[in-house]
Amino acid sequence: MAKEKFERSKPHVNIGTIGHVDHGKTTLTAAITTVLAKKGLSELRSFDSIDNAPEEKERGITINTSHVEYQTANRHYAHVDCPGHADYVKNMVTGAAQMDGAIIVCAATDGPMPQTREHILLARQVNVPRLVVFLNKCDMVDDEEMLELVEMEMRELLSFYDFDGDNTPIIRGSALGALNGVPQWEDKVMELMDAVDTWIPLPPRDIDKPFLMPVEDVFSITGRGTVATGRIEAGIIHVGDEVEILGLGEDKKSVVTGVEMFRKLLDQGEAGDNVGLLLRGIDKNEIKRGMILCKPGQVKAHSKFKAEVYILKKEEGGRHTPFHNKYRPQFYLRTMDCTGEITLPEGTEMVMPGDNVTITVELIYPVALNVGLRFAIREGGRTVGAGQITELLD
């Protein structure tokens with residue numbers, strides 16, 4: 001059975017467990033691996049191995065996250081579970097763990113709690129497309145009406161935050177029961193995985209999106225022209241393709257006359273490849289780090305956007321003091337550093353280290369941006385926050 005694991009023919013989806021503290025997120029994660037392991041689709045992970053989440057650094061922010069992998073009959077999943085509420089906020093806002101969908105765990109004994117609401121809101125703001133609800137601890141609730149009430153509250157909460165509250169699957173189960181091998185509750189975990197398989201959509205693959213590459217470095221090859229290097233973020237580039245060069249004020253067009261990787265010439269480069277692209281008719285000083293190359297007409301340069309950000313605490317190496325309206329740090333977008341001015345939401349006087357907040361940013365010059373783009377906020381060479389663009393305003 002163990003050989004199954006390296007089979008990568010199944011589509012890959014990133015998911016996670018979210019929800020209020022002590023509602024059973026980690027127990028459910030352990031239960032999923034345990035039940036699927038019995039079917040030969042996963043390696044068993046104990047509660048303790050998931051709960052002792054290793055620290056990770058993402059854009060200078062320390063986050064505790066556990067990564068678990070398993071498969072169903074149809075898909076391969078990478079599953080993220082975080083021990084603490086602050087870890088979730090950081091994880092979702094900075095995109096350390098991109099989620100294509102999530103399982104929101106709610107204890108039937110408590111019903112929706114403050115973090116249940118907060119995680120649903122965060123999922124909405126960082127564009128997690130769909131959620132599946134797992135009502136946990138149903139073995140501790142005898143009253144059918146109580147279960148129906150909690151289910152109704154969850155549907156209202158989902159609808160309030162623009163998820164499809166009417167059709168979102170809600171599974172009633174017991175993570176602990178499943179973990180302890182009770183057949184009735186094991187079946188509920190399988191039912192949950194079926195719901196995840198069908199309700200959470202397959203993410204578009206980067207390779208199917210239009211070509212885009214942030215420029216990391218530029219050099220000229222005598223007699224051949226200018227080469228821009230970087231990692232292709234999306235799409236495919238062929239020799240002979242026309243590209244647009246965007247950012248730092250003026251936009252230009254060029255044709256790719258060569259694609260090079262590890263000093264070998266290729267016919268094409270695709271998402272994930274680190275390549276050098278030879279550009280026809282472009283002078284070395286016309287293109288620099290921070291610009292992007294993309295398929296013409298796909299991306300526009302913008303200077304004003306709305307974003308959801310997390311501001312680091314002092315202990316995380318962030319600011320020691322709050323910042324106020326019109327604060328002007330650097331925004332590190334892809335390979336580009338650009339100064340921008342922050343406008344806080346109405347009624348917000350200041351932002352404290354450790355807060356997460358929705359801000360409006362105006363950059364001093366237009367940069368190629370898109371919704372969902374993640375960035376770091378820096379000041380004096382250190383990261384003070386991170387976030388992602390939720391709306392373009394110009």
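Placed from the backbone N, Cα and C atoms, the Cβ positions cover glycine too.
The following features are taken from Swiss-Prot:
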- 10-205: domain 'tr-type G' (DOMAIN)
- 19-26: region 'G1' (REGION)
- 19-26, 81-85, 136-139: GTP binding site (BINDING)
- T26: Mg(2+) binding site (BINDING)
- 60-64: region 'G2' (REGION)
- 81-84: region 'G3' (REGION)
- 136-139: region 'G4' (REGION)
>> Through the lens of DSSP with three states only, how would you label G19 (GTP binding site)?
In response: strand
>> Using the alpha carbons only, what distance in Å do you get between H85 (GTP binding site) and T26 (Mg(2+) binding site) once rounded?
In response: 13
>> Please report, as numbers and ranges, the same-chain residues at least 6 past the borders of the region 'G3' (81-84) whose CB is under 8 Å from any CB of it.
In response: 16-17, 21, 25-26, 29, 50-51, 53, 63-66, 68, 91
> Under the DSSP assignment, what numbers of helix, strand and coil residues are found in the region 'G4' (136-139)?
Replying inline: 2 helix, 1 strand, 1 coil
> What's the CA to CA span in angstrom from G19 (GTP binding site) over to the residue listed as 'Mg(2+) binding site'?
Replying inline: 10
> By a simple count, how many Cβ atoms lie within 10 Å of the Cβ of G19 (GTP binding site), its own Cβ left out?
Replying inline: 27
>> If I restrict to non-local contacts, at least six residues apart, and a C-beta distance under 8 angstroms, what lies near C138 (GTP binding site) in its own chain?
In response: A108, L147, R172, G173, S174
>> With the cut-off set at 10 Å between Cβ atoms, which of these binding-site residues ends up with the most neighbours? Options: K25, H85.
In response: K25
> Within 10 Å of the Cβ of C82 (GTP binding site), how many other Cβ atoms can be counted across all chains shown?
Replying inline: 24
>> Most Cβ neighbours within 10 Å: which of the binding-site residues D22, T26 is it?
In response: T26
> Looking only at DSSP and grouping its letters into three states, which state does C82 (GTP binding site) belong to?
Replying inline: coil
>> Tell me the Cα distance separating T26 (Mg(2+) binding site) from C82 (GTP binding site), rounded to the nearest angstrom.
In response: 8
